[in-house]
Every structure is written in C-alpha cells, then in structure tokens.
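Peer 1: Following this message is one structure expressed as structure tokens.
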C-alpha cells in the first residue's frame, strides 16, 4: 500500500513539474507583454510588472496586426480543409480497398516522410512561380494540400473500422462513396478533429515557407509579423511578447475546446509519446 502511494505521489510530482515547465514560458511571455522595455530587460528580473504597461499591445494594434491575422486564418483553414479531404480519401483507399500494388505504393509514400522539408523548398517555389501564384496566399496553401502524416494516422484509424458494418452497408446497396461519407467519416469524427487541430497548429505557426513564398506586406502572416518585431540591434520585448501573446491565444482556445477529441484519438490511432 505504501509503495503504491509513494509511486502515485512521485508520478504526480513528475507530472506537476512537467506542467510547470510547459506553462512557465507562457506565463512569462504574458507578464513580459505588460512591461516596458526597461523593466523587461532589467536585472534582477521581476515576475510581475511594477507598472502595468499596455504600450506593447497598443503598438501591435497600430502596426495593423489584423491583416496578418486574416491572412493566417485564410491560409490555415485552407490547408486544414485540403489536407483533411485529400488525406481522408487516400487513407480510406489504403485501409479498406484492395488494388494491385497497394502495400508497395503505401510503403513508397511513407518513405517520402524521410525526405527533409528543406530539400523541397526550391522545387516547390519554382512550381508555384510557374503557376503564377508567387506572393499570394494560394502559394502557401497549394504545396500543403496533402499530408503524408495525416494520411498515415487516418489509415490507422480506418483499419479498425468494423468489417461487419461495411458489409451490411454493401448488402443494402450503398456505394463506396456513400459508405465513406455516411459511415466512416462520422464514426471517425474524433480522429479527424484531432488531425485537424494538428494541421491547424502547423499551418498557424509555419514561418519558413511563408517567408519564401510571400514578399509583399499585405500578404504577410502572423509568424512573419512576429519575426519582424525583433530589431536588428535593439528589441522591444514588451511589443514582441504582446504580439506573441496575440498569436498564441487563439490556438490555446482551440485546443481547450477540442482537447477531449484530441486525447481520445491518441488511443484510437495508436499514437503513443
């Protein structure tokens, strides 16, 4: 009994330490966003601002963060919709359909995950430029219209779909499209939601590809806006942390709303950290 209590206590202490390590940077970012630049870099550091300064948020508003917000929302939603549609159809084909060379084709697709992202930047930019999409929001969406990782995880979920339900639907005269849209997708809602959150986080935080594909100020995204908050010689940390807080807050809210679906999908797809 004592060993079990000690084990539980140690487990909770480790988890508590992990929670503190995860939340401390967010808390520090929030507090720094209310400090002036002198107090933000003062030594010794203070946890809470001596004088609550909203100047950082005022400068964020004055420098028009709304436009990058709108661009980021458009790009993120476009990528999420495209990847969920294409990945779910591909995953269903690999999980439930039989066609020649299916295993070999899937193995080749999975091997493509091993290709570093940086190796494809120049080819992607040349293709986007040839399509006339350079310096547009579509230039960020089109190269990310499908995800191999999302396809893999959805396939793992679709493999657990009961054969009896699919056979019964076929007996009733349902086509593959009807089975996919009316049975498989609704029953896999939690997994699809979780994958959507993961894709949304990637699209929302991506900086490398938007920096290459977008050059004009009107098409900048939030990650580019934050990157430009840092000066070459002097950085206004109150302004930088205020912009970072504005960028992070929507994703925290989204995760808080859909966390149950995200956690339940971990066991359904077999993902283990």
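In case you wondered, yes, glycine gets a Cβ from its N, Cα and C as well.
Unlike curated entries, TrEMBL annotations are predicted automatically.
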Peer 1: Which is it, of 12-31, 32-51, that TrEMBL names as transmembrane segment?
Peer 2: 12-31
Peer 1: Which range is it, out of 175-204, 205-234, that shows up in TrEMBL as transmembrane segment?
Peer 2: 175-204
Peer 1: Sequence-remote contacts (6 or more beyond its ends) of the transmembrane segment (127-154), Cβ cut-off under 8 Å?
Peer 2: 71, 74-75, 78-79, 82-84, 86-88, 90-92, 94, 109-110, 112-113, 188, 191-192, 195, 198-199, 203, 206, 209-210, 213-216, 219, 221, 269, 271
Peer 1: Under a Cβ pair cut-off of under 8 Å, which of the recorded stretches 12-31, 104-121, 175-204 contacts the transmembrane segment (237-258) most often?
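Peer 2: Against the transmembrane segment (237-258), the leading stretch is 175-204.
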Peer 1: With Cβ-Cβ distances below 8 Å as the criterion, list the same-chain residues six or more beyond the ends of the transmembrane segment (12-31) that contact it, or say none.
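Peer 2: For the transmembrane segment (12-31), the nonlocal Cβ contacts are 47-49, 241, 244-245, 248.
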